[in-house]
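One structure is given here, and the rest of the page talks about it.
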Amino acid sequence: MSIKVIVAGFKGRMGSTAVEMVKGDDELTLAALLDPFAAEKEVDGVPVFTDKADLVGFDADVWVDFTIPAVAYENTRFALENGFAPVVGTTGFTEAQIQKLTDLSKDKSIGGLIAPNFAIGAILLMKFAAEASKYFPDLEIIELHHDKKKDAPSGTAVKTAELIREVRESKRQGAEDEMETLAGARGAEFDGFRIHSVRLPGLVAHQEVIFGAQGEGLTLRHDSYDRISFMSGVNLGIKEVVKRDQLVYGLEHLL
């Protein structure tokens with residue numbers, strides 16, 4: 001039976017790409033579109049909504065969310081409360097918010113996914129970086145995105161850092177008497193290492209994890225050159241969350 005999908009944020013770049021992915025899969029049905037800036041009432045016969053409250057009682061299985069950090073938490077909570085399994089690519093969630101949504105999903109016995117990155121290569125980078133940090137504990141993360149991205153550092157960088165923290169012995173890097181002559185020059189501090197954010201036009205989504213040791217170095221890098229790179233992960237998420245009864249944070253839990 002076809003999985004009925006709502007796409008929230010369909011006017012955006014990621015949302016519009018997700019719409020095309022859903023339309024191109026015979027196992028999925030595009031049930032509704034949501035965006036507060038939409039002027040049209042329907043697109044190719046699919047109803048368009050500007051207020052999520054109008055979707056209460058709507059017949060759908062999955063809520064795909066590519067909106068903005070300011071509304072993503074409320075959208076995800078709304079989806080769970082109304083029986084839609086959320087697949088969320090919007091970043092900016094706090095640990096407390098993720099825990100609240102996980103608890104709500106358990107109460108409702110509804111599956112869900114919040115993923116900082118849907119590209120399979122990016123997930124592999126996270127795993128490889130965590131493994132490497134056991135042997136190269138001195139490291140820095142550099143993430144690079146388009147200049148319209150609102151949050152920094154990226155959710156992918158934060159998730160990578162969290163996975164590294166789980167296995168790396170905590171240590172403070174750099175000189176003890178290190179001094180920034182320009183505030184922020186060393187980037188954001190996380191568990192003793194640094195995260196740097198680059199925002200430039202022409203970029204999509206890129207990340208490096210640079211490791212240093214005596215006499216050697218190791219660099220891991222992933223590049224998304226086009227948003228289509230995320231769609232295999234979104235597709236997987238849609239098809240997996242309907243089988244589950246709890247929300248998870250990170251696509252790696254579904255691989």
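Residue numbering: from 1, along the chain as shown.
Using the three backbone atoms N, Cα and C, a Cβ is placed for every residue, glycine included.
Quick look at what Swiss-Prot lists:
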type     : residues                                                                                     : note
BINDING  : GLY9, PHE10, LYS11, GLY12, ARG13, MET14, GLY89, THR90, THR91, ALA115, PRO116, ASN117, PHE118 : NAD(+) binding site
ACT_SITE : HIS145                                                                                       : active site, proton donor/acceptor
BINDING  : HIS146, GLY155, THR156                                                                       : (S)-2,3,4,5-tetrahydrodipicolinate binding site
ACT_SITE : LYS149                                                                                       : active site, proton donor
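The distance from the Cα of THR91 (NAD(+) binding site) to the Cα of HIS145 (active site, proton donor/acceptor) comes to 13 Å.
For the recorded positions LYS11, HIS145, HIS146, LYS149, counting C-beta atoms within 10 A of each C-beta gives the highest total at HIS145. Comparing Cα positions, PHE118 (NAD(+) binding site) lies closest to THR156 out of the recorded positions HIS145, LYS149, THR156.
In this structure, the CA atom of GLY9 (NAD(+) binding site) is 18 Å away from the CA atom of GLY155 ((S)-2,3,4,5-tetrahydrodipicolinate binding site). Sequence-distant contacts (6 or more apart, same chain, Cβ under 8 Å) of ARG13 (NAD(+) binding site) comprise ARG227. Ranking the binding-site residues GLY89, PRO116, GLY155 by how many other Cβ atoms lie within 10 angstroms of each Cβ puts GLY155 at the bottom. HIS146 ((S)-2,3,4,5-tetrahydrodipicolinate binding site) sits 16 Å from GLY89 (NAD(+) binding site), taking the C-alpha atoms as the reference points.
Highest Cβ count within 10 Å among the binding-site residues THR91, THR156: THR156. Taking PRO116 (NAD(+) binding site) as the reference point, the recorded positions whose C-alpha atoms are within 10 Å of its C-alpha, out of HIS145, LYS149, GLY155, THR156, are GLY155, THR156.
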